[in-house]
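What TrEMBL says about this protein:
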type	residues	note
DOMAIN	3-132	domain 'Photolyase/cryptochrome alpha/beta'
BINDING	GLN289, LEU290, LEU291, TRP292, ARG293, GLU294, PHE295, PHE296, ASP387, ALA388, ASP389	FAD binding site
SITE	TRP320	site 'Electron transfer via tryptophanyl radical'
SITE	TRP374	site 'Electron transfer via tryptophanyl radical'
SITE	TRP397	site 'Electron transfer via tryptophanyl radical'
REGION	523-549	region 'Disordered'
COMPBIAS	528-537	compositional bias 'Basic and acidic residues'
Amino acid sequence: MAPNSIHWFRKGLRLHDNPALQEAVRGADTVRCVYFLDPWFAGSSNLGVHRWRFLLQCLDDLDSNLRKLNSRLFVIRGQPANVFPRLFKEWKISRLTFEYDSEPFGKERDAAIKKLAMEAGVEVIVKISHTLYNLDKITELNGGQPPLTYKRFQTLISRMDPPEMPVETLSNTIMGCCVTPVSEDHGDKYGVPSLEELGFDIEGLPSAVWPGGETEALTRIERHLERKAWVANFERPRMNANSLLASPTGLSPYLRFGCLSCRLFYFKLTDLYRKVKKNNTPPLSLYGQLLWREFFYTAATTNPRFDKMEGNPICVRIPWDKNPEALAKWAEAKTGFPWIDAIMTQLRQEGWIHHLARHAVACFLTRGDLWISWEEGMKVFEELLLDADWSVNAGSWMWLSCSSFFQQFFHCYCPVGFGRRTDPNGDFIRRYLPILRGFPAKYIYDPWNAPDSVQAAAKCIIGVHYPKPMVNHAEASRLNIERMKQIYQQLSRYRGLGKNFTFIYSYLQHSVWCSAGHLLHSGGSVTGKRERESERDLDGEDDTLSTSHKLQRQIAEVTSVHATSGNQSSMVNITHFSP
């Protein structure tokens, strides 16, 4: 007897390269594609309106594409564990398919649904397609522990078979005799809701800079691959003012929601490289951002505390300050630093910022200026960023705050100089902070230094129309480097860290104190190297991350033991610089 199938969409909101969806229709009599939406969750979650709009657009597009196959999307109100048993009976379901979710919460949820399905006599088929590789195999190759350095991760995947080729797009031919029963009141019962129905006030909401959906994603990937300058050299264009703006070739939100298959992107890159480079084998660096995404997914898959400092075995426990007022100024773009405030304004208005802009605001909030926990910044990004992904978001914040995946803590982004070198004329600031539009380029990054006459001419008095800087960057960053140095010095005194850490610490100490000084406030990094060197893509960052994953684990373990032994008072707790 032919099965009646349900395909459960979560991520993977697409018809192309969707092996689990193909399993649902294979030999089936009927198929229903479902997506669960909890209205209560919409009103209480930490997700902002831009993320919800993007998701709803993805669902609308998915439903539109399914209609072309004489099918529909069933948007189910409620929680899967509560609703699935009823659907299994009502629709006489004998097969359930879905895409594998590597994140701890997803694995726990899916295990519960598998149990319900088994009790109902429903076959469950799960396929990997949100990641390039089977992450469990990567961990297995590494002795049962996820790799904690990018270099180690690259070594492991180089030993594995290449990613599987994408499967073909679902079509009428593949559907065959499989049909979707659709009632006349389908729209009322299972239609995609509007933002208003979910309780959002959309008055004054600007049009979407990033339209959601598979159709848009596939258009963008073609544009992405057509860029002549990029194709010619396979190099990321140098950072400039235009780089800071949303691009019609940007792909990150589409990869996050699965509107675009990472495998399709991977193999299109491969084919293009071989065509241009005469069939040469592509280097791993070609797939940089895809592999960093994969790296953080792997690091998080067995760690349910990956987004927390407490109880996280790979996170150094740093005594961050609790300062709700300072956090609010950062999140609401009221720091008094135009470069930081323009970035945070763009994030709030559009739901996206360039990856180096993310570095700048993350450094400012944590180890650079405000000494506030990376967890707080991660929550703001989770609310506002369209492409915020649990694993990648948490991993990036730990890395940028020097809480894990070692980065040189003596490298600090200057909130004046970094932006000025990227966009000397200040066009980005004028776009997102129109109050500062009248300032000449000389003062637009540090308007507090402008003479009174210049401020008057710009019709913007600092401290009246735009806030004064909330911290003295030179002093705050120098203080925070000292705090971080003392934390790592404290760790080095405990057993198990060995000569490797002593060597690293000695090197860092020498680098910090030989070259700190004026570079902090003149726009250079405290290593004496200009921030232009930080504009490298993450592919080249591995040497600054960690000496070994073993050392990283030892440091985290020592921190945890120390903090739980009652000796936390001996940890560094220098008073935060008060503005």
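Any Cβ shown, glycine's included, is placed from N, Cα and C.
Bear in mind that TrEMBL entries carry predicted annotations, made automatically and left uncurated.
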Comparing the Cα of LEU291 (FAD binding site) with the Cα atoms of the recorded sites TRP320, TRP374, TRP397, the shortest distance belongs to TRP397
Under DSSP, is PHE295 (FAD binding site) part of a helix or a strand, or is it coil?
helix
Helix, strand or coil: which one is ASP387 (FAD binding site) in, per DSSP?
coil
Averaged over the domain 'Photolyase/cryptochrome alpha/beta' (3-132), what pLDDT does the prediction give?
95
TRP397 (site 'Electron transfer via tryptophanyl radical') sits from GLN289 (FAD binding site) (Cα to Cα, rounded, in Å) at a distance of 16
Spatially, which candidate from the recorded sites TRP320, TRP374, TRP397 is nearest to PHE295 (FAD binding site), comparing Cα atoms?
TRP397
Using DSSP and collapsing to three states, where does TRP320 (site 'Electron transfer via tryptophanyl radical') fall: helix, strand or coil?
coil
Out of ARG293, TRP320, ASP387, ASP389, TRP397, point to the one nearest TRP374 (site 'Electron transfer via tryptophanyl radical') in space (Cα versus Cα); all of them are recorded positions in the record.
TRP397
Cα separation, TRP320 (site 'Electron transfer via tryptophanyl radical') to ARG293 (FAD binding site) (Å, whole number):
27
Cβ neighbour count (10 Å, all chains) around ARG293 (FAD binding site) is 23
Rounded to the nearest Å, what's the C-alpha distance separating ASP389 (FAD binding site) and TRP397 (site 'Electron transfer via tryptophanyl radical')? Just drop the number here, would you?
12
Looking only at GLN289, LEU290, LEU291, TRP292, ARG293, GLU294, PHE295, PHE296, ASP387, ALA388, ASP389, the residues listed as binding FAD, what is the longest Cα to Cα distance in Å?
16
What does DSSP give as the helix, strand and coil breakdown of the domain 'Photolyase/cryptochrome alpha/beta' (3-132)?
59 helix, 29 strand, 42 coil
C-alpha spacing of TRP320 (site 'Electron transfer via tryptophanyl radical') relative to TRP397 (site 'Electron transfer via tryptophanyl radical'), in angstrom:
14
Count of other CB atoms lying within 10 Å of the CB belonging to TRP374 (site 'Electron transfer via tryptophanyl radical'):
26
